[in-house]
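S.K.: Once you've had a glance at the structure underneath, I'll fire off some questions.
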Amino acid sequence: MDLSVLLLSLIPSFQSVYVLVFYFVYLAIAGEILPGKVIRGVLLSDGSQLRYRCNGLLALIFLVAILGICAKLGIVSPLVVADRGLELLSATFIFCVLVTLALYVTGRSSSDKSSSLKPHVSGNLVHDWWFGIQLNPQFMSIDLKFFFVRAGMMGWLLINLSILAKSVQEASLSQSMILYQIFCALYILDYFVHEEYMTSTWDIIAERLGFMLVFGDLLWIPFTFSIQGWWLLHNKVELTVPVIVANCLVFLIGYMVFRGANKQKHIFKKNPKTPIWGKPPVVVGGKLLASGYWGIARHCNYLGDLMLALSFSLPCGISSPVPYFYPIYLLILLIWRERRDEVRCAEKYKEIWAEYLRLVPWRILPYIY
């Protein structure tokens with residue numbers, strides 16, 4: 001693409017801003033009025049627990065239905081995202097910068113002493129803006145961290161659906177595109193079916209809300225996780241039956257490990273005595289689970305996540321490294337996150353952590369790493 005054309009494509013139009021505003025307003029309203037299971041978050045250091053309304057699946061179904069009806073009536077084009085992807089990307093980036101600056105200013109001026117809103121100020125402006133100051137800032141009673149994760153995951157599916165519509169319109173729909181779309185749709189729908197498990201993840205319970213998380217949720221997840229779809233839109237890949245079967249196995253095994261590990265951790269945090277794989281759980285120091293997937297590797301869920309990421313890219317073949325950006329990036333991110341997590345756990349649990357390392361020596365991939 002010509003550089004001047006590329007730069008012009010990055011300038012947000014009013015339509016791209018309207019799309020973004022509609023999307024956020026819809027999610028805010030739907031999140032508040034649609035019925036859903038109310039989940040208590042983990043116990044914070046001050047003894048409080050946040051509540052999360054897990055109605056993301058219903059909100060997603062309604063949104064897709066509304067957009068489908070609007071497309072049928074000619075109110076909105078199903079290609080609006082596929083045709084204006086770069087505009088939406090730059091508009092989202094600007095939004096991320098503005099909202100995190102607002103979070104920085106409000107966080108600095110907050111005098112709240114609760115664990116979720118207490119400001120953590122290092123004095124380094126860039127550090128505080130990047131990592132955030134407050135754990136769970138809110139806007140009009142909306143938990144922003146939970147809201148942004150939901151927006152990113154739904155955005156990923158909407159981008160994929162628009163890419164799919166464009167490939168159908170251009171008569172370029174291939175087996176590879178269908179396989180990629182099915183895997184991503186199943187993963188995203190499963191995420192919202194088990195949305196309550198998100199409330200016990202490291203991002204929600206430990207990471208403060210700054211540019212790192214906001215950018216990751218709103219821009220990185222939807223726009224980079226969909227690179228394979230954009231690539232397949234312009235590159236046709238023919239897959240053999242053995243390759244399709246192998247790809248499906250990678251997805252299914254990855255899903256089993258990822259979902260199984262996260263489910264075990266979530267259930268353990270709710271009730272530490274619940275049996276795992278039919279046996280009483282092995283617990284180190286009354287705090288650290290060393291049973292099931294968590295007895296195989298200390299971050300076994302990361303292994304499942306990496307296999308899923310790889311399964312999204314395998315339909316693209318091996319002719320280009322571009323579609324493998326997501327699994328390569330995820331590998332680097334998860335190793336970095338795992339290292340940070342282990343340092344924090346060593347400081348927090350001390351001798352208990354040392355015993356846990358003895359029982360579970362592998363970090364992510366047993367016998368290799």
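Quick reminder: no glycine exception, Cβ is built from N, Cα and C everywhere.
Predicted, not measured: the structure shown is a model, and the values here were computed from it.
From TrEMBL, for reference:
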TRANSMEM  16-35  transmembrane segment
TRANSMEM  56-76  transmembrane segment
TRANSMEM  88-106  transmembrane segment
TRANSMEM  147-165  transmembrane segment
TRANSMEM  171-189  transmembrane segment
TRANSMEM  209-233  transmembrane segment
TRANSMEM  239-258  transmembrane segment
TRANSMEM  278-296  transmembrane segment
TRANSMEM  308-336  transmembrane segment
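On this model, are these features tucked inside or out on the surface, and what's nearby?
M.R.: Tertiary proximity for the transmembrane segment (56-76) is limited to same-chain residues at least six positions away from its ends with a CB under 8 Å from its CB atoms, namely 26-27, 30-31, 34-36, 150, 153-154, 157-158, 161, 189, 191-193, 195.
Sequence-distant contacts of the transmembrane segment (171-189) (same chain, at least 6 residues past either end, Cβ-Cβ under 8 Å): 57, 60, 153-154, 156-157, 160, 164, 225-226, 228-229, 232-233, 236-239, 244, 247, 251, 255, 308, 311-312, 315-317.
Long-range contacts of the transmembrane segment (209-233) within its own chain (CB-CB distance under 8 A, at least 6 residues past either end) are made by residues 82, 85, 89, 92-93, 95-97, 99-100, 103-104, 128-137, 144-145, 148-149, 151-153, 155-156, 158-160, 163-164, 166-167, 170, 172, 174, 176-177, 180-181, 184, 203, 312-313, 315-316, 320, 322-323, 325-326, 329.
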S.K.: With the transmembrane segment (147-165) as the reference, find which of 16-35, 88-106, 239-258, 278-296, 308-336 contributes the most Cβ pairs under 8 Å.
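M.R.: Out of the listed stretches, 16-35 contacts the transmembrane segment (147-165) most.
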S.K.: Considering only the recorded stretches 88-106, 278-296, 308-336, state which has the highest number of Cβ pairs under 8 Å to the transmembrane segment (239-258).
M.R.: 308-336
